[in-house]
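A.B. asks: The structure that follows is given in the form of structure tokens.
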Ligand SMILES: Nc1ncnc2c1ncn2[C@@H]1O[C@H](COP(=O)(O)OP(=O)(O)OP(=O)(O)O)[C@@H](O)[C@H]1O
């Protein structure tokens, strides 16, 4: 069971202590029941319980209470520690994994697993502690049952075997439903994200809004039906417990008197013991859907973890170490590089093969119509997309395998779908005075201030956010700068500033600039302009040539 393997990952000493405490609590519980049975026997024979009975009762109760409390608190600490480690591991693997893999996993699935399923596991673990205690109790009760009446013990075992067979039949269908529930919950999260993120589009178009709501309703209804079916299975499990109890009691009450000698003398002792045994079993069976739910959730979490670990690139320290070998490069060469969005589909969009050599202190513009492959080419060139063919060279060295993560450290970027962090993460020693001067240079001084290592607000227009992302890239101070349609949302003034002042200043600092551009008017700023069409290079010209100088 995945859940057992998962728990085994905890500190062995902690687990041993917890198991011991659980065992003590279970035995103390069993002692309590034995004491009460004995007291009941004494009272039924017109006696009164002596001081030892009182002491045994009080001592067993204190032990049960204390051991149980510590075991449950410790169990929570253990499971929360395990879950925290798993959450951190998944977040770590996610940031290290290759871009395409992270994209493919899907937001809904990740949110569902990391937030919801880990919560479910956290509430289920104390129940496992309880199940261990119930098992100890059952073992003690069964020894007593065997001592009282071997035939009743045999009937109990036969009933339990029949119950297990019934349970197994229900169990496999139930697990399947739970897997579907998990998948549908992830899809539902994606659908609600559409409603939240598409707030503007939906309010401007009621027909679209109806269609999106219908898609959400459809998934929600499927989930409802799945949940009802899962409850049906749950109910079947609980009823199965009741059915086996009554079949067993029926056999003992109706059939035993005729066939088992001496039965009449012990029937009053036998029935409570049988009821107790079945009670502990039925309780565990009733809780088993929670375990199954946790097991299915955990398996899904582990599957994502494996998927991410298989796609994991090298660690950040190693990447930075690798990057040092590339930092003083003078030329980057792209040799027949090619990438397809789906290797198995010959019709899938493909960029390349591209052959291009770029030099430090150069401005290169990638130009071409919409969909000509500029952004895809940038992601190949920066090492974000894996190459299907060709290779990237840094001076004489080929960037192969894990070195790709080190190569990526050369770039600072503002992609079209950039993300703006509210802090300059990883640049904690950035000079606030310099950052605020850059903010003023880009006309944001009356909007944003950089203080205490963060921008005080990010409620800005798209063009303003892009200017702030550019400032963050400047502070990053990398040897290569990548700008994807940066100027698209800028007004005339900042567009002019970007092309005629900012980019040449980067070149003067010895940076290599690769930018996609639709601003034909400024192409003359570039040292070279590379025109793409259908993912291939159509021509390469100097800036002076395209400017007609
Ligand atoms: N995630 C993706 N999965 C599959 N195909 C994609 C994906 N992203 C882009 N494409 C395909 O790649 C083609 C090139 O897209 P790309 O964004 O590189 O073009 P572009 O030249 O940057 O266009 P634009 O000027 O509009 O930004 C598109 O026609 C699209 O079909």
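Heads up, the Cβ atoms here are built off N, Cα and C, so glycines get one too.
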A.B. asks: Quick test of your reading of TrEMBL: among 266-286, 287-307, 308-328, where does it put transmembrane segment?
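C.D. replies: Of the candidate stretches, TrEMBL labels 266-286 as transmembrane segment.
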A.B. asks: From 180-206, 207-233, 234-260, which range did TrEMBL mark with transmembrane segment?
C.D. replies: 234-260
A.B. asks: Given the ranges 153-170, 333-350, 351-368, which one is assigned the annotation transmembrane segment in TrEMBL?
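C.D. replies: TrEMBL lists transmembrane segment for residues 153-170.
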A.B. asks: Under a Cβ pair cut-off of under 8 Å, which of the recorded stretches 17-39, 51-67, 153-170, 266-286 contacts the transmembrane segment (234-260) most often?
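C.D. replies: It is 266-286 that shares the most Cβ pairs under 8 Å with the transmembrane segment (234-260).
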A.B. asks: So what's near the transmembrane segment (266-286) in sequence-distant terms, Cβ-Cβ under 8 Å and 6+ beyond its ends?
C.D. replies: 33, 37, 131, 134-135, 137-138, 141-142, 144-145, 148-149, 152, 156, 160, 163, 167, 237-238, 240-242, 244-245, 248-249, 252-253, 256
A.B. asks: Restricting attention to the domain 'ABC transporter' (332-549), give the mean pLDDT.
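C.D. replies: Its mean pLDDT is 90.
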